[in-house]
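Engineer: Would you mind keeping the following structure in view while I ask a few things?
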Amino acid sequence: MTATTDLSRTWPRRAAVLSLHTSPLEQPGTGDAGGMNVYIAKTSAKLAELGTEVEIFTRATSSDIPPVAQLAPGVTVRSLLAGPFEGLDKNDLPSQICAFAAGALRVEARHDPGYYDVVHSHYWLSGQVGWLARQRWGVPLVHTAHTLAKVKNAALAEGDTPEPMVRVMGEEQVVAGADRLVANTEFEAADLIERYDADPEAVATIPPGVDLERFTPGDRSAARAEFGLPADAVVLGFVGRIQPLKAPDVLLKATAALLDRHPGLRERLVVLVVGGPSGSGLERPRALHELARSLGITDVVRFLPPQRGDALASVYRACDVVAVPSYSESFGLVALEAQACGTPVVAAAVGGLPVAVADGVSGLLVDGHETRRWADALASVVLSPGRRARLAAGTTGHAAGFSWESTTEALLDTYARARTTFDARLRIREVTA
C-alpha cells in the first residue's frame with residue numbers, strides 16, 4: 001500500500017486537479033479552508049517544478065475572484081461558476097456537482113483531445129466530478145479523500161452534526177471508481193480498505209509534507225513581541241478552524257482545570273486561539289468565547305484571526321506547546337508545522353496524528369478528550385521545563401522526515417501506477433464488450 005519511487009514512469013505533461021468546495025487561493029483556518037488547501041497548493045507547485053503543468057478547478061465564491069489566476073509558475077487556478085457566490089452551505093454543494101462538472105468539461109473541450117494526462121480529485125465532492133471526467137476524457141483518476149464520513153461519524157464531537165448518507169454513498173462510488181487512492185497514513189489506508197472495501201493494491205500511502213524553509217525554529221521572545229505577549233509567559237496554542245471537530249473547547253476546559261490546580265499559573269498563562277469559524281461552528285460563531293466566559297478564563301484566552309505565512313510561523317514559535325485535540329484528523333499539518341518551528345505538540349491519539357507526532361519524542365499523545373487527561377498532559381509539559389526542553393529537542397528532527405518534495409515524487413509515481421490500472425481496465429472492457 002505504500003508508494004515507492006523505483007517504478008519507471010512517464011511523468012504526466014499536464015494534470016487536472018479538482019477542488020470543488022474550497023480554493024487553494026483561500027486563507028487556511030477559516031470557512032472550509034484548511035490543511036487540504038495547503039496540500040493542493042504545495043503539491044501543485046512542486047509538480048510544476050518537476051515539469052508537470054497543473055490546472056486546478058475550484059468553485060467561484062465571489063465576483064471579485066478572477067476566473068483564471070496563477071498560483072505559482074506552471075499552476076493555473078480556474079474558478080468555475082457553480083451556484084451562487086454567497087449563502088451556499090457546504091451541505092448544499094452536492095446540488096452543484098453537475099454545474100461544476102459541466103464547467104470543467106467545457107474548459108477541456110476547448111483543447112485538443114488528450115490535453116490532460118491525469119485527474120487528481122480532492123474530497124468526495126470533487127471525486128464525483130473526477131469520476132465523470134475520467135470517463136469523458138479517457139484518463140486515470142487519482143483521488144485523495146482528506147476526510148472520510150464513516151470515520152468522522154464514528155468519532156463525533158458532542159453536539160456536532162453527522163455526515164449525511166449522500167456523502168457516504170458518494171465516497172463509496174469514488175473509492176470503487178478511482179484508479180488509485182491516496183491515503184495520508186497507514187491508518188487512513190486501513191479505513192479505506194476496511195470501511196469502504198477499497199482494493200489494497202489501489203491504495204498508496206503518501207504522507208503530506210511541511211514547508212521546511214518557512215517553518216523553522218526562531219527567536220521566541222521576538223515572536224511573542226509580534227503578538228504583544230510577555231517574554232516570560234507560558235503560552236498554549238491552538239491553530240485551526242473553530243468547529244467541534246477540531247475541539248478547541250477541549251483545550252479551554254483543560255486550561256480551566258489546570259488553573260484550578262495551579263492558581264499561581266494564571267499570572268503567566270496565555271492561551272492563543274488562532275482561526276475562524278467553520279462547518280458546524282458557523283452556527284454559533286461566538287460559542288467558544290461564551291465557553292471561555294463560563295469557565296472564568298477570559299483573562300488568559302486571546303483570540304486571533306487566521307495568520308498567513310511568516311506570521312503563522314511566529315505563532316508556533318511563540319508557543320510553549322501547541323494543542324491539537326481534534327476528534328478526527330486524517331493527518332494534522334498544524335502539528336507538523338509547529339514541530340518544524342521547534343514547538344512540542346500535545347495531540348489527540350486519533351487518525352493520522354500518531355504519525356504526525358512522535359509520542360514521547362516530539363510531543364505527547366492523549367487518549368480520548370477527557371478534561372482531566374488533557375490537563376495532566378499539558379501540565380506535564382508546561383510545568384516541567386526539563387521535559388519541555390527534551391520534547392522540543394526532538395521536534396525538528398521528526399518534522400524533517402516530511403517534505404513536500406518527497407510527497408510530490410510519490411504522487412508522480414502514483415500517477416504512473418494509475419495509468420497502468422486505467423489501461424488494464426480499458427483492455428478488460430474492450431475484451432468483454
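One is the number of the first residue shown, and numbering goes on along the chain from there.
Any Cβ shown, glycine's included, is placed from N, Cα and C.
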Engineer: Let me know which member of T343, T371 Swiss-Prot also records as binding Mg(2+) at the site of Y316, R317, C319.
Structural biologist: T343
Engineer: Out of these binding-site residues, Y123, Y316, which one has the fewest other C-beta atoms within 10 Å of its own C-beta?
Structural biologist: Y123
Engineer: Look up E329 (UDP-N-acetyl-alpha-D-glucosamine binding site) in the DSSP assignment and reduce it to helix, strand or coil.
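Structural biologist: DSSP call for E329 (UDP-N-acetyl-alpha-D-glucosamine binding site): coil, neither helix nor strand.
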Engineer: What same-chain residues, at least 6 away in sequence, bring their CB to under 8 Å of the CB of R167 (1D-myo-inositol 3-phosphate binding site)?
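Structural biologist: Residues satisfying the criterion: P94, W124, A149.
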Engineer: Any idea what the Cα distance is from Y316 (Mg(2+) binding site) over to E329 (UDP-N-acetyl-alpha-D-glucosamine binding site), rounded to a whole Å?
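Structural biologist: The separation of the Cα atoms works out to 19 Å.
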Engineer: From the binding-site residues G35, N37, Y123, pick the residue whose C-alpha lies nearest to the C-alpha of K246 (UDP-N-acetyl-alpha-D-glucosamine binding site).
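Structural biologist: Among G35, N37, Y123, G35.
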Engineer: Have a look at the binding-site residues N37, Y123, T343 and say which one has the shortest Cα distance to R241 (UDP-N-acetyl-alpha-D-glucosamine binding site).
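Structural biologist: Nearest candidate: N37.
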